[in-house]
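Structure first, then comments.
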Amino acid sequence: MGHCTSKDQKEGKRLNRRIDEQIKKDQSMSLRIIKLLLLGAGESGKSTILKQMRILHKDGFSQQDLEMIRPVVYSNCIHSMLSILRAMFHLQIEYGEPDRVRDSQLVFATVHANKEELTEELAQAMQRLWHDPGVRECYRRSNEYQIDDSAKYFLDNLPRLSSPSYVPSEQDLLRTRIKTTGITEVLFELKGLTFRVIDVGGQRSERKKWIHCFDNVNAIIFISSLSEYDQTLREDNCTNRMQESLKLFDSICNSPWFADIHFILFLNKKDLFAEKIVRSPLTVCFPEYKGQQNQTECINYIQWKFEQLNRSSQREIYCHHTCATDTNNVQFVLDACLDMIIAKNLKSMGLC
């Protein structure tokens, strides 16, 4: 009886040792996984940043991937023109040439028939429309209605997109917009660590899903679009997009969920902001602004507005000004961010 008890005790100790070793191994593995959340309002550029991470740190996009997004390119291009044509009616803007009415009817008929193929006839009609003074005037007022940021890019490239031999480029892919629903994830290895980057849809209806991603987060990259200071939300056509972004940043930055988490702020679409700020004053969003109407001073003011919302004296907000469609710019910024996250992770592990 005593012999059996002794044998059982030894077996129990061996089992406990194996369990302890597995726990230590699991803890070591978990410390080597860096979980990043990409958060921000809808259309801020989160999905584009995620695509850039795949290009820069994973296997990029194959030829098949590029060919598969051709219908999305066509759809984005056609719907961009459709948005302008609808806005012309509501803003009561006349076409520069009467013949453009017939061209616009072809665009409406194509969408109504659910045939979003960029045929030669449709492409030529859209090119004529895009060069029409009335259409250009309507596009200039694009902050007054809803239209994708990529509209000008795709419409400028209509001759290339409508070529029979057209294959989308990586830049075309970066410019495409598909509303993010649910959770999208990219995994990549860097300097012995596994980065798990998660993008969740930013529209109000999607934010309830964010809670499922909050566990074991190492850092948050919050993305806000600089160029949307004079635009309203697609969801309600009423709320200012920049004010919505500030409100969302406030709630996330000061949430108890993220009290000990590194916070990175990307003020995105600086290229579009540079074009817009010369003709649309920042006071549209911030009536109290008294500074110069130039890119640098206005961006610094917007950055200050975000940083003022941080109520923790222990937390530093790491801010970067980005253009999500510029791979070189994103690489420079991401390298700095990831190096900072790695250094702080090693410090938390007691390795530096």
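The count begins at 1 with the first shown residue.
Backbone N, Cα and C atoms are what each Cβ position is placed from, and that goes for glycine too.
As the structure is a computational prediction, the values presented were derived from the model and not from experiment.
Record features, source Swiss-Prot:
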| type | residues | note |
| --- | --- | --- |
| BINDING | 40-47, 174-180, 199-203, 268-271, Ala324 | GTP binding site |
| BINDING | Ser47, Thr180 | Mg(2+) binding site |
| DOMAIN | 32-352 | domain 'G-alpha' |
| LIPID | Gly2 | N-myristoyl glycine |
| LIPID | Cys4 | S-palmitoyl cysteine |
| REGION | 35-48 | region 'G1 motif' |
| REGION | 172-180 | region 'G2 motif' |
| REGION | 195-204 | region 'G3 motif' |
| REGION | 264-271 | region 'G4 motif' |
| REGION | 322-327 | region 'G5 motif' |
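Everything Swiss-Prot records as a feature, shown here on the structure.
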| residue | record | contacts (Cβ under 8 Å, 6+ apart) |
| --- | --- | --- |
| Leu174 | GTP binding site | Thr48, Lys51, Gln52, Ala324, Thr325, Thr327 |
| Ile178 | GTP binding site | Ser47, Val72 |
| Asn268 | GTP binding site | Ser44, Gly45, Ile49, Ile223, Ser224, Ser225, Leu226, Thr322, Cys323, Ala324 |
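Note: the region 'G2 motif' (172-180) comprises 4 helix, 0 strand, 5 coil (DSSP; helix = H, G, I, strand = E, B). Below 8 angstroms of C-beta separation, residues 42-43, 46-48, 51-52, 61, 65-66, 69, 72-73, 76, 148-150, 153-154, 157, 161, 199-203, 206, 324-325, 327 of the same chain, each at least six residues beyond the ends of the region 'G2 motif' (172-180), sit close to that stretch.
Proximity of distant same-chain residues to the region 'G4 motif' (264-271), defined by a Cβ-Cβ separation under 8 Å and at least 6 residues beyond the stretch ends, is recorded for 44-45, 49, 149, 219-228, 249, 295, 299, 302-303, 306, 317-326, 333, 337.
In the structure shown, across all protein chains, Ser44 is the one of the binding-site residues Ser44, Ser47 with the greatest number of other Cβ atoms within 10 Å. Here the binding-site residues are Val200, Ala324, and the one whose Cβ sees the fewest other Cβ atoms within 10 Å is Val200. Here the region 'G1 motif' (35-48) has a mean pLDDT of 91 out of 100. According to DSSP, Asn268 (GTP binding site) is assigned to a strand segment. Residue counts for the region 'G1 motif' (35-48) under DSSP (helix as H, G, I; strand as E, B; rest coil) come to 3 helix, 5 strand, 6 coil. Here the region 'G5 motif' (322-327) is broken down by DSSP into helix, strand and coil counts: 1 helix, 0 strand, 5 coil. A strand conformation is recorded for Val200 (GTP binding site) in the three-state DSSP classification. When other Cβ atoms within 10 Å of the Cβ of Gly40 (GTP binding site) are tallied across all protein chains shown, the result is 25.
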